[in-house]
């Protein structure tokens, strides 16, 4: 892996980790309470991957100086768009995996609006964890130098 | 928070030749020292995590969803008032702690020592009972099958060992609680996104602005004390806000940077000597006042976004979940209304399971267990910290011990008592004094509003005293808590429910 790619990968870690962790929690709990392994896996992948991907993009934007670190408003605006999209991917994938049919939520506008509001809550938790993980990685990187 | 102010603390070892002091009350005057720089920008990591861990509990996950099912979403305006009031109280607690590095208990002693002893006694009476463990441990029992008394006793011992081994207890707890709270917030948002509807959310949110809505049924002896209790339990209740001043100090915020951190028992020998009082900065110096404004901005961000925002998010999410559950399973409404907390929590879990698959039932119980764990970790640390602080400074002869020893003494004392009570006694406290404990818990909230007014307006230099509007809000808080408490007592003969 080239140094530039390696650097990008490291910068994307905090956000990607939080997104993937959210999917893993949902999938892990599904398995814990007796859901079939396939269902748990679909939940983990269908929710964790989009949230992880968007989280990684967010971290890269912060690292590139396009978004300020540790501020709430930019995070909230970012997830206002990204969170409903991630949930839409989740819903469509679940439908495809469980019924084999491509279905979007019945009231798409209402669905997206609701997810947009919930995204504010998600943004608080995301930023909280993101800051903590990013700080730890920075401290570790400084120590290893 | 890291310790960015080591240099500031080092300064205390070399005081200026002619020491300037700030006299406050009848106790020892505070030497003037430099105020450290505030964090460079609005920064997320702060001691609010303790207040969130303590404050987000049964009020948010059970009591308010219950009131919404009984009276409708419009009753939530009272929650908005309760949490907003608590955010202002938090800012005022921070004012004294950041300006002096002293706890609010020390501030109360500067005004009139018996006030501080009142809080010392209330803390012992109210917080030594291990009842707060029961809801979380019962939820864990439902998920894992492990009897709740076993997990509660094991949990108590683990907490004691963990805190005793820690090098700096604050750092360990802040790291641990930050991860737990972060997971709680992220997971709550994800589950609410999967279960709730636009209609549930709008009715829950718009209900917060229906000021003045108070149905006739709410004025009954059955419901009024419960509503009073729910308002008092909106966010941190009892003495939790007072303990926040100790966490703020240990985080190194403001003049807290000049005070050594409390260490675990294993590392007690490394603790620096605790000064016998706090410090004040030069409020006539414009540069120092500019730094002070930076600290106020920092703590305001903590209060508004982290404390207010997270408390709102959790309670809105749980209310949305409860509304969704009651639609799916009408039985859950009757159970929640009946007041059987455990039965209601299990019914809510079952309703979530039928609404969105077994995963949601498990997730709900997982949340309750997580909330219980957060509260227990925070409560044991806070209680021990507060009692050790008051003992160290105001019990004659206590200064021959280190603060860490006193902390460990109170910690293991409350753990031992808790295990004995869990095995042989009533977890919430003897039935005969339950009303007294509930009364004291709410009374303490009205009392600390009065203490805040006295301490911040009489013990701080004029340039950093609160503004009139802030004083009016805190004064309103005192009247609000004490007024409702005594109204309930005299009108219905019942204290808070």
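Glycine residues also receive a Cβ, built from the backbone N, Cα and C atoms like all the rest.
Not measured: the values here are computed from a predicted model.
Annotation source TrEMBL lists region 'Disordered' at B:1-20.
The transmembrane segment feature in TrEMBL is assigned to B:42-63 (among others).
Using a Cβ-Cβ cut-off under 8 Å and counting only residues 6 or more beyond its ends in the same chain, the transmembrane segment (B:75-94) has close neighbours at 48, 51, 55, 64, 67-68, 104, 204, 207-215, 218, 227, 230-232, 234-236, 241-242, 244-245, 248, 253, 299-300, 303-304, 307-308, 311-312, 315, 319, 448-449, 452, 456, 466, 470, 473-474, 476-477, 480. The transmembrane segment annotation in TrEMBL covers B:75-94 (among others).
Here TrEMBL flags B:115-133 (among others) as transmembrane segment.
Counting only same-chain residues 6+ beyond the ends of the transmembrane segment (B:145-165), those with a CB under 8 A from a CB of the stretch are 130, 133-134, 137-138, 172-173, 264-266, 373, 376-377, 380-381, 384, 408, 411-412, 415, 418-419, 422-423. Residues or ranges marked as transmembrane segment in TrEMBL: B:145-165 (among others).
Annotated transmembrane segment per TrEMBL: B:177-199 (among others), in sequence order.
For B:223-239 (among others), the entry in TrEMBL reads transmembrane segment. Remote same-chain partners of the transmembrane segment (B:223-239), defined as residues 6 or more beyond its termini with a Cβ less than 8 Å from a stretch Cβ, comprise 51, 54-55, 57-60, 63-64, 67, 70, 75, 78-79, 81-83, 86-87, 90, 119, 122-123, 126-127, 217, 307, 311, 315, 386, 438, 441-442, 444-445, 448, 480-481, 484-485, 488, 491-492, 494-497.
Taken from TrEMBL, the feature transmembrane segment covers B:299-322 (among others). Long-range Cβ contacts of the transmembrane segment (B:299-322) within its own chain (Cβ-Cβ under 8 Å, at least 6 residues beyond either end) map to 42-44, 46-49, 51-52, 55-56, 59-62, 64-66, 68-69, 73, 76, 79, 83-84, 86-87, 90-91, 94, 98, 181, 184-185, 188-189, 191-192, 195-197, 200-201, 204-205, 234-235, 248, 253, 332, 336, 348, 352, 364.
The annotation transmembrane segment is assigned in TrEMBL to B:359-380 (among others).
Residues annotated as transmembrane segment in TrEMBL: B:406-424 (among others). Below 8 angstroms of C-beta separation, residues 127-130, 133, 149, 152-153, 156-157, 159-160, 163-164, 169, 262, 264-265, 268, 380-381, 383-385, 387-388, 391-392, 398 of the same chain, each at least six residues beyond the ends of the transmembrane segment (B:406-424), sit close to that stretch.
Residues annotated as transmembrane segment in TrEMBL: B:436-456 (among others). Counting same-chain residues at least six beyond the ends of the transmembrane segment (B:436-456), those with a Cβ under 8 angstroms from any Cβ of the stretch are 89, 92-93, 95-96, 104, 107-108, 110-111, 115, 118-119, 122, 125-126, 129, 228-229, 232, 237-239, 241-242, 429, 465-466, 471, 474-475, 477-478, 480-482, 485, 489, 495-497.
Remote same-chain residues near the transmembrane segment (B:468-490) are listed as 81, 85, 88-89, 91-92, 224-225, 228, 231-232, 439, 442-443, 445-447, 449-450, 452-453, 457, 496 (criterion: CB distance under 8 Å, separation of at least six residues from the stretch ends). The transmembrane segment annotation in TrEMBL covers B:468-490 (among others).
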